[in-house]
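In what follows, a single structure is set out as structure tokens and then discussed.
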Amino acid sequence: MAIDRTTTLVSPVATDNIRRRSFYRSFIQFLFSNLGLVIVVFVYSAAGASLFILLEQYIELQNCQEGNLSESISILNLSETIYNDVALQNDNTTNLYTKITYYLTNFTDDIYSRRTTLRYSGQNCSNTSGWSYTSALLFTITIITTIGYGHITPTSWEGQITCICYALIGIPIFLLCLSNISSVLGDIFRFMYSGLLHCFCCLCRIYTRNRRRVNRQSRLSKLQNSHGIDYTGTPTIDPCWPEAHHRIAGKLSDEDENNYYDDDDDCDDDDTDDIWSRMESRVPFGAVVLIIIGYIFLGAVMFSKFEGWTMIESVYFCYITLATIGFGDYVPGVTSSSGAGVRFLLACIYILFGLAILAMCFDLIKEGIVDKFHWCANKLGIIATDDDQIDEDRTRYANFEYDSSNQENQTQTPPIQNNIKRLNDETKSNSTVVQYDGNDETWINKIRDKPEPTSANSKNKKQMKIDD
């Protein structure tokens with residue numbers, strides 16, 4: 001028998017559009033994941049550094065060369081003017097002092113003017129550049145983190161427009177990444193804190209159980225006599241319990257005695273389980289503050305070693321940076337040395353991780369404050385607990401059902417009442433009400449007998465039914 005392969009074999013072939021859509025969907029999901037956002041932030045910062053170097057480094061070189069030329073011309077003019085006034089003219093000392101002061105004041109103003117307009121401060125234009133890659137990377141990170149040191153800024157209109165667009169896109173991306181990373185770090189820190197607290201609690205419980213068992217055994221041994229009869233006030237066992245049949249010479253066996261004590265210990269442990277669970281779920285305020293202080297101290301030690309700052313200056317710089325204030329009076333890597341690039345890179349890593357840790361600490365502090373307010377509100381009765389809310393919802397639902405059933409009955413009651421009233425009226429009109437006395441038996445005779453239907457009437461009714 002021939003087989004039609006076109007009808008039996010069906011191979012689903014994905015079109016190019018479906019493959020492209022699936023690729024875009026998976027790519028977008030990866031970008032919005034935690035690792036994807038971190039990679040996007042690093043790539044965005046690195047690409048921005050290269051872009052600003054391309055836009056600003058050439059302009060910086062031109063301004064530096066122009067400032068160097070202007071400074072050389074000013075020095076030459078100043079030297080010629082002073083030589084002419086001092087050597088060729090025979091002025092008195094007072095006039096000579098006044099002229100030299102005037103020339104030096106103008107020369108100082110020229111220096112400040114070149115530093116403001118051309119960003120020239122006497123540096124070597126061929127070897128020194130403010131727009132190195134590490135410096136540009138720190139610049140882009142200070143843009144997206146809204147710190148803004150201001151140690152370098154774009155001077156061309158192209159760089160300024162690019163900086164605006166770069167900040168508009170980069171700041172939301174970094175805030176999204178910061179919120180995700182802070183939540184992940186918060187979960188990790190809660191897990192570590194709960195694990196340490198759980199180990200500590202287990203050790204404490206084991207110690208307290210052993211101590212209680214030893215104290216109870218010593219107390220029972222003092223209260224029991226040689227015949228095994230317990231005195232009044234000691235814990236005894238109900239004869240109905242199975243443990244009562246295991247008494248040996250007035251005492252429990254070792255296995256039953258351990259079970260008896262363990263049950264009592266479990267009752268005490270159940271009371272503290274809720275307290276330990278609440279302690280494990282929330283990180284205390286003191287631990288969060290210690291994390292912030294420890295990270296700032298770590299950065300202060302690092303910058304004090306690499307930058308040559310004092311400890312107070314390093315702590316000041318770390319706090320101003322992590323608080324995103326960014327005065328710019330202290331910037332790492334500005335001093336010219338062989339390790340300037342490494343110092344810039346360490347500053348970038350410290351800033352990014354520090355902001356994530358600081359956001360995590362703020363989230364933990366916020367959760368603790370919210371829990372305290374909820375606890376106070378529950379104690380004061382301002383807000384209801386979950387169980388009270390469930391009971392209130394059930395009561396509202398029951399009242400709603402009751403009101404709806406009453407409305408249905410009210411809508412159906414008027415027709416029923418009208419029918420009853422109409423039947424009563426017809427009964428009163430067609431019959432007379434007989435007054436009777438319960439003790440008098442003559443009322444039976446006053447009841448009218450129902451007339452029997454005649455044969456003619458019955459035949460007519462039957463004929464009507466047949467016709468119908």
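Glycine too: its Cβ is placed from the backbone N, Cα and C atoms.
Annotated features in TrEMBL:
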TRANSMEM  27-53  transmembrane segment
DOMAIN    127-185  domain 'Potassium channel'
TRANSMEM  130-149  transmembrane segment
TRANSMEM  161-182  transmembrane segment
TRANSMEM  188-208  transmembrane segment
TRANSMEM  283-302  transmembrane segment
DOMAIN    291-365  domain 'Potassium channel'
TRANSMEM  314-332  transmembrane segment
TRANSMEM  344-365  transmembrane segment
REGION    444-468  region 'Disordered'
COMPBIAS  459-468  compositional bias 'Basic residues'
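With DSSP states grouped into helix (H, G, I), strand (E, B) and coil, the domain 'Potassium channel' (291-365) comes out at 55 helix, 0 strand, 20 coil.
Beyond the ends of the transmembrane segment (130-149), by six or more residues, the same chain brings 41, 44-46, 48-50, 52-53, 56-57, 60, 119, 163, 166-167, 170-171, 173-174, 321, 324-328, 331-333, 340-341, 344-345, 347-348, 351-352, 355 to within a C-beta distance below 8 angstroms of the stretch. With helix defined as DSSP H, G or I and strand as E or B, the domain 'Potassium channel' (127-185) counts 41 helix, 0 strand, 18 coil. Same-chain neighbours of the transmembrane segment (161-182): 34, 37-38, 40-41, 44-45, 48, 51-52, 55, 140, 143-146, 154, 355-357, 359-360, 362-363, counting only residues six or more beyond its ends whose CB sits under 8 Å from a CB of the stretch.
Per-residue pLDDT, averaged over the domain 'Potassium channel' (291-365), rounds to 89.
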